[in-house]
């Protein structure tokens, strides 16, 4: 049995000597490299926090003391130390989650993987302990330097610092990166702190007796008249000046919090001492740990892009992917096309939130470095800054993962849309994303965005329509436009049979038409974006059972095109297939538009339930939620055979007549 296998919980660490702890750290690294290489996952971040996490669990007593991990992708070591070593199932259906999970362990508190929230959690937890008399309980928040670029973290620091008696320890895991190198003024400030030297000073400054001595000296001097007050001001100013030169804690202590560090995050003894000092102080303390992402694994350290932030299945010896060469992805299409657009249009600028490479903006940045801005993990700022850029005559393209749009929704609504700003938002990883779990699925955007006045939303089905719709989006100068697409390979081309004048594509007409004018079919299938693949398969399955159908791709799903409504009037049933939540989704909106225009055709909305969907593969999740061609075809066939709904009367004489455009007109 290895030493790691003998660890069933954090208490098992308490009796280990220094040599055993070093051995355990090595075993954990070997375990992570072996197991995460086999399943895929966040390898680099976890290799960088082995000693840090060991020290946290040695000094504090989880779950009595609450340990919160910001973002949570660096919690693998924490899982290993809290009795979860079945990593063969990591990020697989029914197996270990890739992020903290309350269902797995009482040691896990925060499940969301959205960055910069841990300090607000720590503020709330510690306030709760104080108000309920649990003064012996500590709250520890582990947050990366990348997450500290998010404004929410500083809102929490502002509140935590105002109460000097709450037992909050903030461990800054400073590896200089989020996905990629951390950017901005705060990142530069941390680099300045890294250059400082303070050995032994932290032990004094976090001693309550030091604070008490300073308080007594201040009281005696300020109470002794003008001369004493002048002496105090002089001594205090001298102390501050010397401190800022020798040990520049800077912004942290200016906010009223004790600062400990910088500490070598891979030195177990140093980390334990720093955390012990912080714990014993009894008030809010920042512990600044310097770590290396991918520490101890050469392939990760040599990866310039993101130091193995997240890996597929790889060969642990080389770090190279073991599967077939990656197919062209949606991100690749965006990467190439936005770079081409930027070459043609000097007014187009790119904005990203700490995701330059994952979003595909690096190619544009290499060609036009002054026109790509990485704002850090700051979606709110990104969108309002984009509105300002639009006001000054630029056309910003903001690249976000779909799940992170939620963080900047107010800014999209009130700063971009209200001001009719020509801003394009590109949403990668829309829909079901798979193994990263509920906080990474991009399934909320379709419902959220349809309530934004004047917004145009495109959902491309293949590479050609992606290129078209991105170019159409950046041609709009007086309204927000959004282009959404899923994670993964872009797939084969899906050519249209016909394009209506308002931009809606007819992808298929299967089966014999009927009705009084010979133009009606049984089922109209509307595919939203990448779900057009499923829509076409449903149509083929229905045709095999003698049920006729038409397949439409609206291309621009917001606003709803009139030709979609008129085509619906010539069918007995409409089926809308989308990879967002059904509640308030595109199907719901099409139904509203149909009823508003007097079209009473029955409509079935096929999408995701309003639930937090657990981690599994994309196909498994779609199977469980009923969003598969087989299930949709079965349900639709039953509806057709069981219905007595007559063909709806056509709303107009010609479903393909020129109508007002659903896609945005360049302006």
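Note: Cβ is positioned from N, Cα and C throughout, glycine not excepted.
Copied from Swiss-Prot, the annotated features are:
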BINDING   73, 113, 114, 115, 146, 147, 175, 297, 379  thiamine diphosphate binding site
BINDING   145, 175  Mg(2+) binding site
Query raised in the report: Does residue 379 (thiamine diphosphate binding site) have same-chain partners at least 6 apart in sequence with Cβ under 8 Å from its own Cβ, and which are they?
Result: 353, 400, 404, 405, 407, 408, 411
Query - Maximal Cα-Cα distance (Å) across residues annotated as binding thiamine diphosphate, namely 73, 113, 114, 115, 146, 147, 175, 297, 379 - result: 32
**Report entry** Of the binding-site residues listed as 73, 114, 175, the one whose CA lies nearest the CA of residue 145 (Mg(2+) binding site)
**Finding:** 175
Query raised in the report: Counting only residues 6+ apart in the same chain, whose Cβ is under 8 Å from the Cβ of residue 175 (thiamine diphosphate binding site)?
Result: 48, 144, 145, 290, 291, 292, 293
